[in-house]
Amino acid sequence: MFSLFTKINYALFVDLNGHAGSITWLDAIMIFLANDLVFCLPILLLLAWGIPLPWRKHSLSSERIQLLQERRSAVIWTIIACLFSYALNLTVEQFIYEPRPFISHHVHLLVSHAADGSFPSDHTAWAFAVFGMLLLSVFSWLWSARSTQMAGEKRVFNRIPRFYLCLLAMTFCAACLVGIARIFVGVHYPDDIIGGALSGLIAATISTALRRWLQVPTAWIIQLFHRLQLA
């Protein structure tokens with residue numbers, strides 16, 4: 001059974017990595033997706049953070065401010081989830097060692113990488129930690145938007161769910177692209193990506209479960225940013 005899984009895992013890797021080195025522009029895109037896209041996710045988090053109150057031309061109602069605070073809390077918890085995912089990966093690496101594809105096989109390697117353990121993927125874990133945290137938070141945001149939808153703000157709040165869903169879709173697509181690109185450039189097997197995705201989602205779940213204990217320090221951080229006119 002394990003041998004069959006290993007064969008399937010390697011066959012999927014070959015199918016994807018086999019296209020590397022054939023098209024120059026595709027290689028360049030995949031290298032960017034594999035190495036740099038995960039570090040662009042903070043841009044999406046800034047969208048979730050929203051425009052700082054001092055920068056706004058019009059004042060917000062107390063209900064909309066509360067909704068904005070919930071979004072900003074989720075952004076802070078997302079950072080914590082990323083730290084949890086990295087800690088989980090480090091723990092797993094102590095018990096499971098899988099050599100990089102370029103160590104065990106002849107591959108089309110597009111990027112230089114240390115010859116360390118391959119399982120699970122850190123980049124994928126971080127990306128899915130962001131997606132998982134936003135996914136778990138979006139239900140709370142939508143509920144808050146629905147419960148605070150008042151007559152004078154109905155048209156505004158009708159656009160909020162669409163914004164949340166677009167943000168969630170962009171994050172999910174980015175996380176998937178990171179995983180696929182890591183295989184394409186030759187530094188991960190498919191099971192490394194699956195393991196990283198699970199690590200990120202588990203970390204997001206842990207961060208969500210700890211929200212009760214994170215409320216006070218989160219409020220302090222938001223208040224600090226507010227004093228700096230960044231919240």
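Each Cβ is built from the backbone N, Cα and C atoms, and glycine gets one as well.
Automatic, uncurated: that is what TrEMBL annotation is.
Feature annotation from TrEMBL assigns domain 'Phosphatidic acid phosphatase type 2/haloperoxidase' to 75-208.
Residues or ranges marked as transmembrane segment in TrEMBL: 28-53 (among others). Packing against the transmembrane segment (28-53) from elsewhere in the chain are residues 20, 60, 65, 68, 71-72, 74-75, 78, 110-111, 123, 126-127, 130, 134, 167, 170-171, 174, 177-178, 180-182, 184-185, 187, 225-226, 229-231: each is 6 or more residues past its ends and has a CB under 8 Å from a CB in it.
Sequence-distant contacts of the transmembrane segment (74-92) (same chain, at least 6 residues past either end, Cβ-Cβ under 8 Å): 45, 48-49, 119-120, 122, 125-126, 128-130, 132-134, 137, 140-141, 195-196, 199-200, 202-204, 206-208, 210-211, 214, 218, 221-222. Residues or ranges marked as transmembrane segment by TrEMBL: 74-92 (among others).
Marked as transmembrane segment by TrEMBL: 125-143 (among others).
Here TrEMBL flags 163-187 (among others) as transmembrane segment. Sequence-distant contacts of the transmembrane segment (163-187) (same chain, at least 6 residues past either end, Cβ-Cβ under 8 Å): 12-13, 16-17, 19-20, 30-31, 33-35, 37-38, 40-41, 44, 47-48, 100-102, 107-111, 113, 118, 121, 123-124, 127-128, 130-131, 134-135, 138, 141-142, 145, 193, 196-197, 200.
Non-local neighbours of the transmembrane segment (193-214) in the same chain are 73, 76-78, 80-85, 87-89, 92, 119-133, 135-137, 175, 179-180, 182-183; each lies 6+ residues outside the stretch with a CB under 8 Å from one of its CB atoms. Among the features that TrEMBL reports, transmembrane segment is placed at 193-214 (among others).
Mean pLDDT for the domain 'Phosphatidic acid phosphatase type 2/haloperoxidase' (75-208) in the predicted structure: 88.
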